[in-house]
Amino acid sequence: MGKAKANAGPLARRPDNSAFKQQRLPAWSPMLTAQTVLPFFYGMAIVCVLLGAWLLVTVQNTHELKVDYTHAGSCDKCFEKRKDRANANQSCNCTVVFNIENMFKGDVFFYYGLINFHQNLRQYMDSRDDGQMIGRNKNLRNPSSYCEPFIKDKNGLPIAPCGAVANSMFNDSFTLVYHSAAGSRVVPLFRKGITWYTDKNVKFRNPQVENKTLTLAQVFEGTGQPLYWQKPVYDLDPWDRNNNGFINEDLIVWMREAAFPNFKKLYGVLNRAIEPFTDGLPAGNYSVLISYNFPVEYFQGRKEVVLSTVSWFGGQNNFLPVAYLVTGCLILLLAVILTAVWWKFGKNGRNMEE
Amino acid sequence: SYTVYCFHLEEERHVRANDRDYNEKFPYADNHIKTCKYNVFTFLPVNLFEQFQRAANAYFLVLLILQLIPEISSLSWVTTTVPLVMVLLITAVKDATDDYFRYKSDQQVNSRQSQVLRGNLQNEKWMNVRVGDIIKLENNHFVTADILLLSSSEPYGLCYIETAELDGETNLKVRQALTVTSDLGADITKLADFNGEVICEPPNNKLDKFTGTLYWRDNKYPLDNEKMLLRGCVLRNTEWCFGMVVFAGLQTKLMQNCGRTKFKRTSIDKLMNTLVLWIFGFLVCMGVILAIGNTIWEQKVGRSFSVYLLWDEPIRNNNVVFSGFLTFWSYIIILNTMVPISLYVSVEVIRLGHSYFINWDRKMYYIQKDTPAEARTTTLNEELGQVEFIFSDKTGTLTQNIMVFNKCSINGKSYGDVYDEFGHKVEITERTACVDFSFNPLSDRKFKFHDSSLLEAIKMEEPSVQDFFRLLALCHTVMPEEKNEGDLVYQAQSPDEGALVTAARNFGFVFRSRTPETVTLYEMGTAVNYQLLAILDFNNVRKRMSVIVRNPAGHIKLYCKGADTIIFDRLDPSNHVLMNTTSEHLYEFAGEGLRTLALAYKDLDENVLEEWMKRLLYASTVIENREEGLADLYEEIETGLMLLGATAVEDKLQEGVPETIACLTLANIKIWVLTGDKLETAMNIGYSCNMLRDDMNEVFIISGHSVLEVQQQLRSAKEHILGLGRVSGTVDVEKTDDFSEDSVFEETIIAEYALIINGHSLAHALEPELEQVLLETACLCKTVICCRVTPMQKAQVVELVKTNKMAVTLAIGDGANDVSMIKTAHIGVGISGQEGMQAVLASDYSFAQFRYLQRLLLVHGRWSYFRMCNFLFYFFYKNFAFTLVHFWFGFFCGFSAQIGLDTYYWTAVNHVFVWGSLAVYFAILFAMHSDGLFSIFPSHFPFIGTARNCLTQKSVWLVIMLTTVACVMPGLAVRFLKTDLYPTLTDKVRSLQQASRKLGPKEQNLRRVRRTSSRRSAYAFSHQQGYGELITSGKNMKVTPSTAAPSPSLSPSSPGRVHNSRSLIEGMSKRKGETPVACVSAEAYGTSGTSEGNTRTQQTVMDSNVVSNGAVQT
């Protein structure tokens, strides 16, 4: 328009003859005739049903095993112990035994699950400082006010990591043991590689300091550990020095808050390099040794261990296949109704006549 | 005492000429015009105040304040601030530019130059002109303010003005100064000493009325509208004139007629507001539910969870209700996307886009004037598709206001049609060859005629053809103006007459000049002087005019032209055969919608004439029944006429008007014509536009002069339509009970009626007790034409329909007289590309041709409405889907007002990319989730990696697909059932189109709109009486040395002239309510005023008789 105006001459103000300006762009607005709509409905119904069936078969081939250990087996005593806050510093170990009937083929994932734990409360979710987690020195010493009241420890030192989320970090630890005829052996788990790449490498960073020779403990000097923690943040993983500080993978997993009150979080992945786990978890008897620390009795919560294999579209989840099947059936029903209606009333096109 | 008095309400205006000190005692407006709203300092506060009066803006301001409270806020305050500021900013910029343009145009008008007398003549800007100033106006200049004419360059203080801007009439009007003041002439010292005081009515909007008195030198002179030049007029044919400013600036009649600009809203706006209110209510309900949920949850569950949330002990343990209260506000914030501010922004953006499409439309671009259509208001587009009533001006809107001499019948032969070599009639188009008038150096180049046989007949010197054009050149009241040699301009009183004289000019009978007693023609190049013995002037009863001339050879002839029926009655019996042929031609012409006129002549004997002249002289001196006496005398001599032929003049409609009207009528849009023009002209146009047809059951003409009469006429019309007995009881009963019943009945009326109502009847009909009857009757009729209406009445009619019918109205016009109706209607359309700009400036849409209305309404309006509705559908759907997730999630997150999805970017998407295309959505999504942004604002964008990691999950895509299918299928099924079982008209048309496309291209047969009308002789009606006298008196002749010698009043060269000039003065004074004696007492003034009223009443009574006769005939 502006260009057209610049031109002088008798037709200077004539609008451009472009398809857009004259609203002549190609448009598609299908007539909803029986010939097009009914086949589409039948087609969609078939697609949905087939997809649903396929998904169902896939889901049937995945395995999932949940073991609630809140006060199962020998954990009963630990549960009682954790009822009293005064015993918080005493360790408590227990064992839960279970049996796998069919072999878990392929990659097996080890989760811990919490029931009725509201990680999705607004005040709870807000209570963290992402600036601190990304390693900003300013935030390390001066955490955001959102962390209130988990911002300073009783010595007045700033807490790292601050806030309610980090403070309530799940601190049970597990050892999975396989009992076969050949004897008992610990199931090897990868405890790393359980986070998103972006979380591990971008979202969580240890504080940057000029002096590269400083140890992590020195970097975090002048900060306090969260009130409920037994170890400082730079000492979370005693076996791997590089898995400490804010980039500790268990911490990262915990810090990604679950959307629902019942959730499971990844703890480890089966290491299939070692016999007899190359094909997955063989059937047989297993036990989990649990370092039982996390109290759940205050909020009527429960804790569980989840073992699961995954298919191409995720873990064992019956919702999607069922939903597809139901949708497909509904569409089919609708299609039949439409056909009937069309057959009875609209077939000869007499409604179209003037 | 005056000052105190005038501070209240002006009841009487006192203005003293050349006395600023005196006039400044009163709070009179100066000539400064201000239509802009703001200035630099007031802009910000006033504009902000106005903007926050809008519910949406206020709502978001409250939200913003809520979000600043950390206990409540779950979203960062940025999410509301940015869009709110954007909305405010965009609106403010738009308001500011609009206002700036208003300011500029004010400035332009205000700084026009005028010459003001301050001791001597000084150039002054318009805005510095004050009431009481004496100013000088020059030819072709706009009149500065409402001024009292004092003197002019023309004799007798005459002065010509064009009032097209005021009332849409383009013919010249005469104003005459008081004799005492016209003697002042151009004498600056005398004018500067003029100290008359005008006492007159306070400012008002009546354009055709003015009452006042001039007190000067201890005498009183009555003043009326004939001495006033109103702002908006243009001075024509008058070298200069002096006048005294009476009303200035905003108090001028023109400005008083400009209705107030109102903010126009569309019905979708209103619907949207209601929807938003309902949604807001719904929102509050949800908030309450969630708050209650929160209270319960805190009581039952949250209490035990407090291990991990150490703070807010008092809230958690003791006061769960307070927690619920806070939650309520939190949820109001979170769920606010249900009433999204972006809705308003998006709607505005869509409308803006549509406006651009209107601006860009080539089909509404008028190539001749290089004028594209323009959407001046961007907020009304979808309303265009809902228009039910169109109010149209006539002159310049439906017609081009050009009269074209189109056809004629001379001596039984019809000219004007073009035939090809096989003798078939050829359609005349732009390309048809025109007759070459180059033999005639005085011809008018713009004149076009296609039938060369007429020119051949002229060249063969056929006496009847020559006489035909001689008559056209002689028998009229046109004034010639010849600035340069050969550059002739005709000033005609009506455009028809101009067209006829121009036709004669081109065919070699050039009307060159006239004096009071002679007319000079150039007949085929030779000058011929005719002595003008008498003009038997036109009036509404006679419907004809004649001249009596003596040619150089000494023969005396009477030339007469007029309505065919009238002329045919007065023909010599020997004309019988010719009359029949001519009559046939006339039917043919009238059938094509042309205005016809019959021409006849008569040879007069010297002695007969002399005797007749004596009787005429006697009759004109009689005081009683003079009019009747004269009419009888005229009647006597206009007998035994010899028929010459007939003319057919086309009042050129704008291109495609009848087709457009037919099309809009098909779309159930009612078109009312509101015109300032005469009843007859309006009706004629009605016929040629196909709005009135001969096959209509009845054409009702309301022309009563009192409330009772009008009521009676209206009710009888209504009774007639509804059948007897349906209208009964009093008016009040109808208003309530019958109205709804009638509107149902309305639909079932198949018969076609038309209602034509006159200006003064309309004034009565618009009174509160009658307006309902008027409206009901009018709505029962297919066609409604209001004529002789003032600008304010136009607005009132529009207002009446607007308020009572709940229908969307559209007003279209081209002149300043249409401004008020354009402003009143829901949608105002101005015809652009013409001289006056007022209508365009006041309008919402402007384009160059009436026919573009069809495209504007039926294409752009429809599309806009469709698109807007679709948009709103999806917008609300999207927002509900989006927001209700939070409601659902509330049940899982302990009603803590935690958001389940990150909504930050979504807000941005809403605001910037309305149509939410997926590409943009994902682009933003990824951007928001990008590493870079996160590292800058870690706490504001904590979603890093989410998109990347989620979208790689196949189950996510499966869910998306499932959702899509689940969402689309039900809608699709419903729509299929709808089209299949209850197809709309559109569906039917589309299926027809598809079927025909399958059959292959078919020949289109375009049906031409054929007008059938037996109405004729419209010319006679469109004419006004009075110019004949003016001409023969010589009053309007310029006093040049050559013509000054035989001064009109001093040289009685013929007996008829003496009588004429004398009778004129008396006649004029009678008509204008001014007695020759300058000093008049108030009583005398009063009586003359009433006599004026009486004559007018008589005339209009006759009018109505004539018209009703015509209606009966048809």
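A Cβ is built for glycine as well, from the same backbone N, Cα and C atoms used for every other residue.
Unlike curated records, TrEMBL annotations are generated automatically.
Look at TrEMBL and you will find B:Asp393 tagged as active site, 4-aspartylphosphate intermediate. The DSSP secondary structure for B:Asp393 (active site, 4-aspartylphosphate intermediate) is coil.
A simple way to gauge crowding: the CB of B:Asp814 (Mg(2+) binding site) has 31 other CB atoms within 10 angstroms, across all the protein chains here. In the three-state DSSP scheme, B:Asp814 (Mg(2+) binding site) falls into the coil class. What TrEMBL records for B:Asp393, B:Thr395, B:Asp814, B:Asp818 is Mg(2+) binding site.
Per TrEMBL, ATP binding site is recorded for B:Asp393, B:Lys394, B:Thr395, B:Glu497, B:Phe538, B:Lys561, B:Arg595, B:Thr675, B:Gly676, B:Asp677, B:Arg788, B:Lys794, B:Asn817, B:Asp818. Counted within 10 Å of its Cβ, the other Cβ atoms near B:Thr395 (Mg(2+) binding site) come to 26, all protein chains included.
Taken from TrEMBL, the feature compositional bias 'Low complexity' applies to B:1040-1055.
Per TrEMBL, the feature compositional bias 'Polar residues' maps to B:1087-1114.
Marked as domain 'P-type ATPase N-terminal' by TrEMBL: B:15-80.
According to DSSP, the domain 'P-type ATPase C-terminal' (B:840-899) comprises 42 helix, 3 strand, 15 coil. Among the features that TrEMBL reports, domain 'P-type ATPase C-terminal' is placed at B:840-899.
The feature region 'Disordered' is assigned by TrEMBL to B:993-1016 (among others).
Taken from TrEMBL, the feature region 'Disordered' covers B:1037-1061 (among others).
TrEMBL lists B:1084-1114 (among others) with the feature region 'Disordered'.
Feature annotation from TrEMBL assigns transmembrane segment to B:75-93 (among others).
The annotation transmembrane segment is assigned in TrEMBL to B:275-297 (among others).
As annotated by TrEMBL, transmembrane segment applies to B:328-347 (among others).
The feature transmembrane segment is assigned by TrEMBL to B:871-892 (among others).
TrEMBL lists B:912-934 (among others) with the feature transmembrane segment.
A Cβ distance under 8 Å defines the sequence-distant neighbours of the transmembrane segment (B:955-977), meaning residues of its chain 6+ beyond its ends; there are none. What TrEMBL records for B:955-977 (among others) is transmembrane segment.
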In contact by Cβ distance (the transmembrane segment (B:871-892), the transmembrane segment (B:75-93); 3 or more pairs under 8 Å): no
Candidates B:Phe538, B:Arg595, B:Arg788, B:Asn817 (binding-site residues) with Cα within 10 Å of B:Thr395 (Mg(2+) binding site): none
Beyond the flanks of the transmembrane segment (B:328-347) by at least 6 residues, Cβ under 8 Å: 56-57, 59-60, 63, 66-67, 69, 72-75, 80, 83-84, 86-87, 90, 272, 276, 279-280, 282-284, 286-288, 290-291, 868, 871-872, 875, 879-880, 882-883, 886-887, 890, 897, 899, 903, 906-907, 910-911, 914
For the binding-site residues B:Arg595, B:Arg788, the one whose C-beta sees the most other C-beta atoms within 10 angstroms: B:Arg595
Mean predicted confidence [pLDDT] for the domain 'P-type ATPase N-terminal' (B:15-80): 81
Per-state residue totals over the domain 'P-type ATPase N-terminal' (B:15-80) - DSSP helix, strand, coil: 31 helix, 2 strand, 33 coil
Alpha-carbon distance [B:Asp393 (active site, 4-aspartylphosphate intermediate); B:Arg595 (ATP binding site)] in Å: 20
Rounded Cα separation (Å) that holds between B:Asp818 (Mg(2+) binding site) and B:Asp393 (active site, 4-aspartylphosphate intermediate): 7
Integer Cα-Cα distance in angstrom, B:Asn817 (ATP binding site) to B:Asp393 (active site, 4-aspartylphosphate intermediate): 9
Pairwise Cα distance for B:Asp814 (Mg(2+) binding site)/B:Phe538 (ATP binding site) [Å, integer]: 30
Entry from the recorded positions list B:Asp393, B:Asp818 having the most other CB atoms no farther than 10 A: B:Asp818
Most crowded position, judged by CB atoms within 10 A, among B:Phe538, B:Gly676, B:Asn817 as binding-site residues: B:Asn817
